[in-house]
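Taken verbatim from TrEMBL:
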type	residues	note
ACT_SITE	19	active site, O-isoaspartyl threonine intermediate
ACT_SITE	116	active site
BINDING	85, 116, 117	substrate binding site
DOMAIN	11-218	domain 'L-asparaginase N-terminal'
DOMAIN	237-350	domain 'Asparaginase/glutaminase C-terminal'
REPEAT	432-464	repeat 'ANK'
REPEAT	532-558	repeat 'ANK'
Ligand code: ASN
């Protein structure tokens, strides 16, 4: 989270519809166009003098100077047609995301004026559609139209504009009744009262009273140096199935038919369902044939755990725990993950269990982790990712080298990816001076080496024993790793090369063919002499190792022909 020093902040307010601008027609409320002229007439939304003096364009208004002397200008992009949010679909949310993308550079932040009925779905979906967000996106709306005498629209819209104009909160948020929530944590809980939303499993990101209190430790960290991505290939064939006592196998079967590809199943309490064998069989058949089912509790608050046999029965048939996600967030995540064409089904299922946009609390109380378990690294990294306030950056920077080394040592790609996403420096060494690349090279983990190199790890570095990743790969005889490192420009230091002749003779004496080939692959001349002036060829001849002799002679011929 940050506040910029620029005295004028420009926001884009995308008006999609909703009660806030509705008008009564034949006794019922319908979406109302021309929100801007209404706002122009309200002094709290329009500093007329400033607008005139600065000749603002017709689609742009200026808020009066804020308490912090900030000037906020906002341009209204009004959709046509406007929507009651009951008519919104993934298509409209992708359109909003694309409008944000198109205008991303021109504006400091974005406010989306949306109907409240499906606003929790909208904010959840947008949190997944918008990848690598570095600017504030706030959804808001009202329970009562803004042009009526007593309404909540003015307060909500003004609050949304002020928050987006003052703070960089790089998330999709929802502002309602003085609270700024993470968008994928909210649900609509009241159809009439002004306090329409709640965020049952995460406190508000900010609260507005006489002062604004921002919960800095909750704000997600922006993925710096990465470009905004609009994930428009969201899977539409996803749905929500609410279990109830007595639901039959036939009903569940009917729901799970094509084209359905993913289902959020709302279950009882801590994630429990009936143990009726017929019903479990239908669910098992579905998961086995590729249907992805996420288990969310239909309780307002709390998480899916594995306390009861009735819950275990569901996880035993391939149903994925949705932890403490709201059903709205789980549906959006399912749509995003299933839409990722670059992933296998297994990878999609794994991704669903991870915290991607702060939508779930990463360390459920029932997860036991041990220091020996690779999951430990992931859990710590996830915790750091979620609690990424500036205060925690220093802790993160000191922990990530050790975490990355631990992950690289066992070739734990998932943990490495979490650390990379966290922004950890992959060239930083642990207390032994070893970098993650040293550890991955020593273990011969080709995937981890590739991943580290791809993400900018330094290829030539020397640890406390003055060994490079290349030397570690040679010692382990990891041919594929040696090749990767060499292709990336790895070389041995003069100090490492100094003792090479003696080491080659030792390998020749013990008949270690693979050891010799590893050195040769690393670009080392096999005809160096050892401490007593003998070459490895002479040592092999003396040992009567014919296989090695012919290998070394062939190498010698090759080397000579190279020189000629
Ligand atoms: N039906 C309206 C909508 O969602 C409700 C509202 O905005 N308060 O568009």
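Each residue's number is its place along the chain shown, starting with 1.
Including glycine, each Cβ sits where the backbone N, Cα and C put it.
Structure with TrEMBL features highlighted.
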residue : record                                            : DSSP class
19      : active site, O-isoaspartyl threonine intermediate : helix
85      : substrate binding site                            : helix
116     : active site                                       : coil
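Residue 117 (substrate binding site) sits 9 Å from residue 19 (active site, O-isoaspartyl threonine intermediate), taking the CA atoms of both as reference points. Cβ neighbour counts within 10 Å, taken over all protein chains shown, single out 116 as the most crowded of the recorded positions 19, 85, 116. A straight line from the CA of the residue listed as 'active site, O-isoaspartyl threonine intermediate' to the CA of residue 116 (active site) spans 8 Å. Across the structure, residue 116 (active site) and residue 85 (substrate binding site) place their CA atoms 7 angstrom apart. For the repeat 'ANK' (532-558), the residues of the chain that approach it from at least six positions outside its boundaries are 504-505, 507-509, 511, 513, 516, 520, 526, judged by C-beta separation under 8 angstroms. Other than 85, 116, 117, the residues of this chain whose Cβ falls within 8 Å of the Cβ centroid of the substrate site are, in sequence order, 18, 19, 84, 86, 114, 115, 118, 119, 141, 188. Summarised by DSSP class, the composition of the domain 'Asparaginase/glutaminase C-terminal' (237-350) is 44 helix, 21 strand, 49 coil.
A simple way to gauge crowding: the CB of residue 117 (substrate binding site) has 19 other CB atoms within 10 angstroms, across all the protein chains here.
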